[in-house]
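According to Swiss-Prot:
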ACT_SITE  D71  active site, proton acceptor
SITE      R11  site 'Important for substrate specificity'
SITE      T72  site 'Important for substrate specificity'
SITE      Q156  site 'Important for substrate specificity'
Amino acid sequence: MNFILASSSERRKELLKRIVENFEVIPSDYDEKEVAFNGNCSEYVMELSKGKALNVASKLKRDSGIIIASDTIVYFNGEVLGKPSSKEHAYEMLKSLSGEVHEVYSGIVIYDLSSKKIKADYSCSKVKFSNLDDKMIREYIKTGEPMDKAGSYGIQGYGGIFVEKIHGCYYNIVGLPINKLYFLLKEMGVNL
């Protein structure tokens with residue numbers, strides 16, 4: 001079976017290797033602004049993931065293979081926290097998350113190029129941050145790590161020191177809930 005990861009994320013590549021030995025990487029250039037947030041996080045991340053999968057499918061000149069696409073958001077106080085637009089924006093996000101609980105949603109879409117069948121699911125995890133002081137936040141931002149991550153932190157990196165506890169799937173917070181992915185692939189009849 002030919003697998004295609006519709007992402008350039010190093011984190012997703014590392015996680016996918018845990019369940020799929022060989023795969024091709026074809027990043028999506030889907031414009032996420034095409035999907036308006038309607039207040040439902042699970043629908044939103046699945047719709048974004050579907051857009052990425054179909055975007056990659058439209059670039060391919062083949063009729064077999066499985067496309068795997070995912071999108072992750074942080075949700076806090078009624079707002080979606082995406083990737084920060086600047087260091088100051090990252091600071092504001094991290095300061096707002098300090099001492100609070102937020103939710104991390106990841107959508108997963110599996111698209112079979114031969115049958116045109118789509119399966120979608122999502123995962124939600126809750127994350128509690130410790131109280132962060134300004135120095136901690138500024139030092140973290142200097143590492144550059146928060147600049148390409150939803151919510152301005154990476155639990156698998158230096159940002160993990162901010163996390164007091166989680167409820168749910170750790171891999172979801174990293175960016176690819178491999179348990180959900182494994183069972184979605186099984187539902188599609190893919191043997192791993």
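Numbers here mean position along the shown chain, with the first residue as 1.
Placement of Cβ uses the backbone N, Cα and C atoms for every residue, glycine included.
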Could you check what DSSP calls R11 (site 'Important for substrate specificity') once collapsed to helix, strand or coil?
helix
Say we define neighbours as other CB atoms within 10 Å of the CB. Which of the recorded sites T72, Q156 has the fewest?
Q156
Nearest of the recorded positions to R11 (site 'Important for substrate specificity') by CA-CA distance, picking from D71, T72, Q156?
Q156
Could you round the CA separation between Q156 (site 'Important for substrate specificity') and D71 (active site, proton acceptor) to a whole angstrom and send it over?
17
Relative to the Cβ of D71 (active site, proton acceptor), which residues of the same chain, six or more apart in sequence, are found under 8 Å away?
E32, V45, L48, S49, K52, S106, G107
Neighbour tally for R11 (site 'Important for substrate specificity'), based on other Cβ positions within 10 Å of its Cβ:
19
Does DSSP give the residue listed as 'active site, proton acceptor' helix, strand or coil?
strand
